[in-house]
Structures are given as C-alpha cells and as structure tokens.
Amino acid sequence: MLVELSEWFWQERLWFPEGLGWADLEDRDGRVYAKGRDLWVALPIALVFLIIRQIFERTVATPLASLLGVKETVRLKAPHIPSLESYYCRVTKNPTQSSVASLCKQTGYSERQVQRWFRRRRNQDRPSLLKKFREASWRFTFYLLAFIAGLAALIDKPWLYDTKEMWQGFPVLTLLPSQYWYYMIELGFYGSLLFSVASDVKRKDFKEQIVHHVATILLISFSWCVNYIRAGTLIMLVHDSSDYFLESAKMFNYAGWRNACNYIFIVFAAVFIVTRLIFFPFWIIYWTWVYPVTIYPPFFGYYFFNGLLMVLQCLHIFWAVLIIRIAIRFLTNNEKVDDDRSDKDETDESEEEEEEEGGDKKHTKKNGPMQNGHTVHNNNHSKTE
C-alpha cells in the first residue's frame, strides 16, 4: 500500500514538464543533483539548532540583556484557590460577569477579589521580558548570519542579476556545495521553530506563524526535490533580508531603548515593504509564474510551487498591514513603537485603588478627617473665614 502510494505521489508527470523526469537528475560525469533523501539531514540539524539555542540564550543572550538593562516587571502572584485555578485551567482565563458572580458564591470572595485573582493569574502566564529578549536575540543572530551567508553564496551567481537564469537548463541544474548547506541550514532552522513552538512566546498571529513555517518548509523541501534550487535560494535571501531588523527592534524595545527601537523599526518597515511587497511578487513570483510557461507547458508541480508562493504573499500582506499601522502611529503621533501582536500585562486597578486608600488613611491620621479625597481643615472653614 505504502509503495503504491509513494509511486503515485512521485510520478514524473506531476513534478516535471513533459519529456523530463527523475532520470535527468541522476549523478553522472562528476555532476551532482539534489535528491529527496538529502532532506533527512535537516532533522539532526534542527535538533542541533535547539541545543545551540539553549546554550546561546544562557551564555550570550542573558548577559546581553543585563548589559542593555532589560528590566523585569514585578508581578504579584495570585494566591492558590483550587476552585478558581480549576476554572482558569479547564474553562476559560477570561470569565464572563455571570461566571464571576457564580465563582463568588462558590469561594465566598467578592467580585473585585475574583476579578483581581484572574488578572494576576493571567499575568503569571505571560512570558517575561527576559524570555522575549532571549528569543528575539536568537532569531536576530540567525537571520543576520543567514542573510550574510546567503548573499555570499549568491553574489557571484548570474541568476541573482538576471532572473531568467533560474530556468536555463532546468531541471538539469548542478548542485553546488554552498546551495546544499544554505538549504539544509534554512530547513533545519524552520524545523527547529516548529519543534519549539509550544515553548516560544505566543502572539496574536500564532496561527499565521504556524502557516508560515509549514508553507516555508514545504516550499524549501519541494523546490529541493524538483531542482527549483535557484529560485529557492533567491526566495530565502529575500525573506532573510528584513527579519533581523525586526528582531533587533524587539531587543531594543524590551531593553527600553525607545528611540533605537523606533528608528530600527522604521528601517525594517521600509525593507519589508520593498522586499516582500515589491521584489517578491513582481520579481520572483513573476519569473516563477509567468516566464516558465513560455519554455514548457504547465504541470502540477508548477501550480503547487506557485501556490505556496501565493500563500506566503498573502501572509506578507497581512503582516504589512500591521507594520504600516504601527509605523503610521509612530510617524504621525510620535508614539512608542509597540508590537500589536504581543499580549501585554494587565494593570491591576484594584491594587492601585488599595494603595491610594492606604495612602489616604495614613494622611487622615496626620491631618484629620477626609472628604472626597481631600483633607478637611478647621471643621470645613478656611483660615480666611
């Protein structure tokens, strides 16, 4: 059954233009071609990335956070109340007003106390600034090094300057060592992101991030199997060109360096829009969607490859809207650049009220009775009277 399924899945008419097939990618005359079995190398590379990340975050990111002055927010811990904890874990973290009233009856606490407990409990589950900083610094380091390595691997390649060269001689395109390692390292990194997704900081676009990672892994794997490697290297280079700006802006944001964060974010927004909304659709997708049909008839692999590119482009548009919204808010109102996707700590208003009340009581002892939050002098008569 599995053999028959494999034979059907890898049949040549699905993945190659008419007249071409897997036999064209057999190694010969000293020429080496990409093969599907090579992709298994990405699994141990992904595991190595997970190990390196743990070492990097402890030995590099944590001292760097201290050097930049990353300050943790002091969070009050919610007392252990079994019934509230059970409701929080099994039902919802944000109870409705009717649910709060029901919980008040069960626990004997007031409505304000129950609401305060849920605020504190939600804040406990939110990732700390240090965790966010370490994650951002790890991604910044990888994206920067990947962009430099990708640029070094492509700087002398003709298809970087003349995109038609992507398809010259396709699919019989010799695999270069630099292409091999560029592919395996990128694939291993995105695999590590999927492995660590459960422990990473979750943002509001969590589902879109998962779709992006899966589409990227499929795109890299498919382009490798059918020797779309030249197009694949260009796509990876374009994506790596802006991501390290975003991660560095996050690092400065967590450190409280407002001006550095704001201006780096504006640079990131400009690079993102140019590379993802101009270069990617009008430079790369054009030469993978429009040009190939002038040299061979469309086939399933052609539609599959370009379909994945369109999924990425839809995600680019989604993120561009968020980025432009933040940039406009900063440029027009000079507001602090803040990630709309991040889950922010909730202010415990009841605590502030208690602090104010406590301060008022102390003030009352010294200055007499209070009325509407102000000290009453001389039995409600001013000195001038």
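Residue numbers in this text run from 1 along the chain shown.
Cβ atoms here come from the backbone N, Cα and C positions, even for glycine.
Automatic prediction, not curation, is the source of TrEMBL annotations.
Per TrEMBL, these features apply:
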DNA_BIND  86-129  DNA-binding region
COMPBIAS  345-358  compositional bias 'Acidic residues'
COMPBIAS  369-385  compositional bias 'Polar residues'
DOMAIN    84-128  domain 'Homeobox'
TRANSMEM  39-56  transmembrane segment
TRANSMEM  140-160  transmembrane segment
TRANSMEM  180-198  transmembrane segment
TRANSMEM  260-289  transmembrane segment
TRANSMEM  301-324  transmembrane segment
Residue numbers, six or more beyond the limits of the transmembrane segment (180-198), whose CB comes under 8 Å of its CB atoms: 34, 38-39, 41-50, 53, 142, 146, 149-150, 153, 209-210, 213-214, 216-217, 220-221, 224, 229, 232-233, 236
Counts by DSSP class (helix H/G/I, strand E/B, coil) across the DNA-binding region (86-129): 32 helix, 0 strand, 12 coil
Non-local residues, at least 6 beyond the ends, that sit with Cβ under 8 Å of the transmembrane segment (301-324): 14-17, 205, 208, 211-212, 215-216, 218-219, 222-223, 226, 228, 231, 235, 268-269, 272-273, 276-277, 280-281, 284-285, 288-289, 292-293, 340-341
Tertiary contacts of the transmembrane segment (39-56), as residues 6+ beyond its ends and Cβ separation under 8 Å: 137-138, 141, 184-185, 187-189, 191-192, 195-196, 221, 224-225
